[in-house]
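Database features (Swiss-Prot):
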- R338: active site, proton acceptor (ACT_SITE)
- D629: active site, proton donor (ACT_SITE)
- V117, R124, Y125, S274, R311, P539: acetyl-CoA binding site (BINDING)
- R338, E430, G455, F456, L457, D458: glyoxylate binding site (BINDING)
- E430, D458: Mg(2+) binding site (BINDING)
- C615: cysteine sulfenic acid (-SOH) (MOD_RES)
Amino acid sequence: MTRIDAHGLKIAPVLFDFITKEAAPKTGIDPDAFWAGVAAILRDLGSKNRELLKFRDTLQDKIDAWHLANKGKAFDLGAYTAFLKEIGYLLPEPATQKVETANVDDEIGKICGPQLVVPLTNARYALNAANARWGSLYDAFYGTDAIPHDPSEGGKGYNKARGDKVIAKAKAFLDAAAPLATGSHTDVTAYSVIAGQLSAKLKSGNATALKNAGQFAGYQGSAEAPSVILLANNGLHVEVVIDRSHVIGKDDPAGVSDMILEAAVSTILDMEDSVAAVDAEDKVLVYRNTLGLMNGTLSADFEKGGKTLTRALNSDRSYTTPSGGTLALHGRSLLLIRNCGHHMFTDAVLGADGEEIPEGILDAAVTGLLAIHDLKGHSKVKNSRTGSIYIVKPKMHGPDEVALTVELFARVEKMLGLPENTMKVGIMDEERRTTVNLKACIQQASKRIVFINTGFLDRTGDEIHTSMEAGPMIRKNEMKAQPWIKAYEDWNVDMGLIDGLPGHAQIGKGMWAAPDKMADMLAQKIGHPSAGATTAWVPSPTAATLHALHYHQVNVKARQDELTKGGPRAKLGDILTIPVSNSNWAPDDVRQEIDNNCQGILGYVVRWIDQGVGCSKVPDIHDVGLMEDRATLRISSQHLANWLHHGVVSKDQVMDSLKRMAVVVDKQNAGDPLYQPMAPSFDGVAFKAACDLVFEGRTQPNGYTEYILTARRREAKASETAKA
C-alpha cells in the first residue's frame, strides 16, 4: 500500500479519501487543516500517551514484586494499602467538588432508562439500536420468556391464548404505572379526551380519569376517538395504541392494539470492545457508519418474508397536548460514541517515526469532525439538541489518564473550531486504579463528564491481572458474590452522588449478557435502578423495552435522594480485598472450570479472527446464548492464565480442553456457511489466537486481549487476501 504523506503523517489512502470526500465536506473544515491538526496533537500528546502506558507497567511490576515478597504471609490490608499509596497507585482523595457539565441533553441529565451498546461495524444493528427509543411491550412479552412459554402455544401465526396473557400482563403494568382513579385499564371500553383530561369509560358504563391527571401527556388522532394516548411516569412515556381494526385491537374492549414504551433512552455506538477493526479499511467502515448516523443518511437493506426492506433513522414523534398545543418527542435514542482507549494503536495512520499512532487520538479527531454534521443540522433528525458531542472513553487507569483525555478533547475542539467543552466524556469505571481513585477521575473531567459506568467483566479482568502474583483466584462464577464486587458497584454510585452527577451525567450499570433470558432479567435487573443508577446496559432493543419497566417501578431520583441521605455505603478496604482462594478444588471442578473458560474463549475468538465479528451471541458450554465481547474474553483468558501460573492446572490440561472444546464449538457453528472448523487440525489462526490468549495471558499488558486479537486477525486477513 502506498501511503499519502501529509504533515509528516503517512495515511492509508482509504482513510485519506474518506476524510477528503465524505467526512469533511459541509463541515467547514479543510481536510489538509484537519491532518495538520492531527499531526500537531500527535506531536504534543503522543509521547504523553506512551509515558502513561509505561507507568501502568511500572506499577504492575511493583505490585507483582510486593506480592512475591509477601508470599506465604497472611494478607495485611493495612500494609497493602500503604504500599499502594507509596507507589502512587492509590492517590489522596480530593475535596468534594461538584461537577459543572453544561449543555447536556435530557437523556443524560434528566431521563432515567435503558442504554444499548452496539457495534459500529454493523449498520443495521446500529440503526436498530438508534431506533430502539420506542419499543412494543406486546411484542417484548409475546416473543420472549418474560411470559413462560406453554407448549400448546406453538405453531405459526398469532396464538390468542398467549396473546391474552400478554395483554393481561401489559394492562397490569399500566395499572401500576398510570392507575385510574377507579377501576382497572382492563375494564376500559373507550378512551377519549374531554376538556384536556383523559377520560376512560368502564364496562360498568361509568367514566373515570387517571388517578394523577398530570400523567396524561398527549394524544394522536381526534379527542373523541384518539389513536394514541400518551402517558408519562418517572420521566418516561408510554403510548397506548388504539386500533379496532387490528388483529389484537378488534378483540380488546377499548380497542387497544399495543403499548409502545419509551425504551432505549441512550445508545453507545461502539468503536471499541464489540468491534474487530484492525486496519484502515475496518476503521473507515466504522467511521462511515458513524457519519451516516450523524448526517441522517445511514440506511440498511435486509430480507424479510421474501421482500427487501430498508431501515433508516426514525423521525421524531408528535402529539397534541392536553391544552391543545403540540408536543414533539425524540424518536431515537441519544447516541454516544465509544472511542478506543489510550492503549490501542492503529496502522491507519503512521507517525513521523513510521510507528502506528494512538488509536484514541485518531478516534477523537474523526469523531469530532463527523459530529459537526449533527451540530450543523445536516440531518433531518437531530442527535444532540444542546450542541454536545458525547464520547465514552474506556480503559483509563486513574486521573492522569482522564486528564490526558480532557486535554485531547480540548485540542480537537480548538482544531475544529468548536466551543470549549463541546466534547463530553463518559468515564468507564472498568479498571481497578480508576475505581479506587474515582473521585479524582471525575474531578479531572468536571466540566465534561456525562457518564460513569461500572463494567463487571473488564473490571474483574483487571482485578485478576493486577493481583496475578497474589495467588490463585476463586472460580469465575463465584466472583460476583465477593465483597469487592458489591463495594465496587456501590462505590461508583456513592462517588457519582457525592460529586453531583445527577442533572449533569449518567450513573450507569453493566450489561445483561443473556438476551434469551428475559424472565431472569426482569427478576434481577431491577437491582440497577434500585441501586441509584440512572441507566444500565441491555443487549437488544427487546431487552431495552423490558428493562424500561424497571424505571417505571423505581423512581431513581427519589432513590438517589435516599442514598444521599444515608451517606456512602462502600468501603475502600472491601474494594482492595483480593479474591484469592485457599480451596483445594476437586478434579471435576477444575476440569469444569477449564472447559467453561476454554469453550467461551474459542466460541468468541473463532468469529473474531475468521469473520471479523467483534460482538455476537455465542452459545456457552450449556448452549445458552450469551453476548460476548472483548470484556468477557479478558476475564476468561486471565482466569486461566492465573490458574496456570499458580499450578492449579497444567498446560497439558488446558491444551486438552482447548482441543475438546474446539470440537464442541465447531458443532455449535455447523449451520454457519462462513464458519471454518478448528478441529481436527487445530492449526488455524483462530485456534492459535485462543492459545496465545491463555498461555501468554500473564504477560499481556493489564491482561488486555486486543494486541493478540489484532495481530492474529491481520494474519487471517492477509491469508484470505493471498488465497484470493
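Numbers run from 1 along the shown chain.
Note: Cβ is positioned from N, Cα and C throughout, glycine not excepted.
Sequence features, as recorded in Swiss-Prot, placed on the structure.
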{"residue": "R124", "record": "acetyl-CoA binding site", "DSSP class": "helix"}
{"residue": "S274", "record": "acetyl-CoA binding site", "DSSP class": "coil"}
{"residue": "R338", "record": "active site, proton acceptor", "DSSP class": "strand"}
{"residue": "G455", "record": "glyoxylate binding site", "DSSP class": "coil"}
{"residue": "P539", "record": "acetyl-CoA binding site", "DSSP class": "coil"}
{"residue": "C615", "record": "cysteine sulfenic acid (-SOH)", "DSSP class": "coil"}
{"residue": "D629", "record": "active site, proton donor", "DSSP class": "coil"}
Between R124 (acetyl-CoA binding site) and the residue listed as 'cysteine sulfenic acid (-SOH)', find the distance joining the two CA atoms and give it rounded to the nearest Å. 14
Those binding-site residues from E430, G455, F456 that fall inside 10 A of the residue listed as 'active site, proton donor' by CA distance are none
Of the recorded positions E430, F456, L457, C615, which one sits closest to S274 (acetyl-CoA binding site) when you measure Cα to Cα? C615
In sequence order, what residues of the same chain, 6+ apart, have a Cβ less than 8 Å from the Cβ of D458 (glyoxylate binding site)? D273, P394, K395, M428, E430, E431, A631, R634, I635
So among the recorded positions V117, L457, C615, who's got the most Cβ atoms within 10 Å? C615
Near V117 (acetyl-CoA binding site), which of the recorded positions R338, G455, F456, L457 can be found within 10 Å, Cα to Cα? R338
